[in-house]
Amino acid sequence: METEDVTVREQLFHNRVRETIICVLLFICLYILSHFILTHFKKNAEFVTDDIEDATVNKIALWLCTFTLSVAVCAVLLLPISILSNEVLLTFPHSYYMQWLNGSLIRGLWNLVFLFSNLSLVFLMPFAYFFTESEGFAGSKKGIMARVYETAVMLLLLSLLVLGIVWVASALLHLNTARESLYDLWEYYLPHLYSGISLFGVLLLLLCTPFGLSRMFSITGSLLVKPRLLENLEETMNCTVFEEASLFRKLKSNTSCWIINNHELLFILAASIIELRKRASPWQRNLGYPVAMLLLLALTAVSVLMVCFHVLELLFDESAMPRGMEDPHLGLASFSMFGSLGAAVQVVIILYLMVSSVVGFYSSALFTGLLPRAQDTTLTQIIGNCVSLLILSSALPVFSRTLGITRFDLLGDFGRYNWLGSFHIVFLYNMLFAGLTSACLINTVTWALQRELIRTHAHRPPPNTNKTAEREHTHSLT
C-alpha cells in the first residue's frame with residue numbers, strides 16, 4: 001500500500017515538473033518573439049542616452065512591456081491550443097508521445113494566463129509608466145531606488161483609489177453585501193475588479209471587431225494589385241502620360257519657384273501606381289485580388305452565420321450559455337459538430353476575429369495616435385500599446401465563447417465573471433455583434449462600388465487623345 005502511494009506521488013510530481021517545463025518553454029519562446037517585436041518598434045534614442053539612470057529605467061520598463069506582450073500573445077493562443085489539443089487526443093487516443101498533452105496542462109496554462117494578465121494590468125504596466133515618469137521625491141538622494149520609492153507610493157495611492165471606486169460601485173448595487181465584505185479584499189473586491197476589466201475588454205472587442213472586419217477589405221485591397229474590370233489600362237497610361245507632360249512643362253517654365261500643389265503630386269503618385277499595375281503579371285492582377293477578397297468574405301460570412309446560429313441556440317438550448325468548468329475532459333468528443341474540420345475552422349475564425357479587432361482598434365479615431373511606427377515609437381506609446389493589446393487578448397476567450405464561435409467552456413477564473421450568467425446581456429451582445437458587422441460590411445461594399453465607378457469614369461480619357469498624349473510627352477522630353 002505504501003509502495004502504491006509512493007508511486008502515485010512520484011507520478012504527480014513528474015507530471016507537475018513536466019507541465020512546468022512546458023509552460024516555461026512556451027513562455028520563453030513568446031518572450032523572445034515579443035522582444036523582437038518591441039525592438040523593431042522602439043525609439044533607440046531613448047535607450048542610448050548620456051544619462052545612464054534614464055537608460056536603465058527605460059530598459060527595465062521595456063522588459064516589463066515585453067513580459068506583458070508575451071502574456072497577451074499567450075492569451076490569444078489559449079483557445080486555439082485547447083481546441084487543437086482536444087482534436088489531437090481524439091486522433092491519437094493511445095499514443096505514448098501525446099501523454100504530456102492532458103487536461104491538467106491546459107487548465108494550468110489558463111490559470112497562469114489569467115494570473116499574469118491581471119498582474120500585468122494591475123501592477124506591472126502602472127509600475128512601468130510611473131517608473132519612467134518618476135524622478136524621486138524632492139530632497140531625497142537621486143538614483144534608481146528613489147524612483148522606485150516614488151513609484152511604489154504612486155501605486156499604493158492608485159490602488160486605494162481603485163478599491164474605493166469598486167467599493168462605492170458595489171455599495172450602490174448591493175448595499176448589504178458591501179457593508180459585510182468591507183475588509184474582504186480577496187474574495188469580493190478582486191473578482192468584481194476582474195469582472196469589470198473583462199467586461200470592458202469584451203465591449204471594446206464588440207466595437208472594434210465589426211469595424212476591423214470592414215477595414216480588412218480596404219487594407220487588403222491597398223496591398224494587392226486590383227483588377228480594373230471597366231478600365232482600359234493602355235488608355236489610362238496614355239492619360240497619365242499626358243498629365244505628366246503637362247506637369248513637366250509647368251516645372252520647366254517655373255524654374256524659379258518649383259511649386260507643386262497637392263493635386264499635381266497625386267498625379268505623380270498615380271503614375272507610379274499605374275506603372276506598377278502594368279508590370280504586374282495577369283495572375284497577380286486578375287487572380288490574387290479576387291481570391292483574397294473571396295477568402296475574407298468567406299471568413300466574415302462564416303463568422304456572422306455562426307453568431308446567428310448561436311442566437312437561435314440561446315433561445316432553445318440552455319447549454320449554449322457561456323459557463324466555466326474546472327476540469328477539461330479532453331479527448332472524449334469534438335467541440336464542433338463537423339469534427340476536426342469544424343475545429344480547424346473555429347481556430348481560424350478566432351484568430352481572424354483577433355486580427356480584425358486589432359485592425360479596428362488602430363483604425364478608430366480615438367486610438368490612431370497609439371499606432372506604432374518602426375524605430376519611432378516612444379516608450380509611453382509602447383506601454384499604451386501593450387496595455388491595449390492585453391485587454392483585447394485577455395477578453396478574446398470570453399468574447400469567442402459568448403458569440404458561440406466555439407463550445408469549449410471557459411476554464412478557471414475566466415468562467416467566474418458575474419455577467420456571464422445573464423441571458424439578456426449575452427443575447428443582446430450577440431445581436432449587437434451581428435447587426436454592427438452586417439452594417440459595416442454593407443457600408444463598405446456600397447462605398448467601394450461607388451468609388452470604383454467614379455474612379456473608372458474619371459480616368460477614362462476623351463476620344464482621340466492617345467496620339468496627342470504621346471506627342472506632348474515626346475515634345476516635353478526633347
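Glycine residues also receive a Cβ, built from the backbone N, Cα and C atoms like all the rest.
Unlike curated entries, TrEMBL annotations are predicted automatically.
According to TrEMBL, the protein has these features:
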- 20-39: transmembrane segment (TRANSMEM)
- 60-85: transmembrane segment (TRANSMEM)
- 105-131: transmembrane segment (TRANSMEM)
- 152-173: transmembrane segment (TRANSMEM)
- 193-213: transmembrane segment (TRANSMEM)
- 287-312: transmembrane segment (TRANSMEM)
- 332-362: transmembrane segment (TRANSMEM)
- 382-403: transmembrane segment (TRANSMEM)
- 423-449: transmembrane segment (TRANSMEM)
- 458-478: region 'Disordered' (REGION)
- 468-478: compositional bias 'Basic and acidic residues' (COMPBIAS)
Sequence-distant residues near the transmembrane segment (332-362) by C-beta distance (under 8 Å, 6 or more away from its ends) are 76, 79-80, 83-84, 86-87, 90-91, 204-205, 207-213, 215-216, 219, 299, 302-303, 306, 368, 370-371, 388-389, 392-393, 396, 399-400, 405-408
For the transmembrane segment (423-449), distant same-chain residues with Cβ under 8 A (at least six beyond the ends): 202, 206-207, 209-211, 213-215, 217-218, 300, 303-304, 307-308, 310-311, 314, 321-322, 402-404
Leading contact stretch, 20-39, 60-85, 105-131, 193-213, 287-312 vs the transmembrane segment (382-403) - CB distance under 8 Å: 60-85
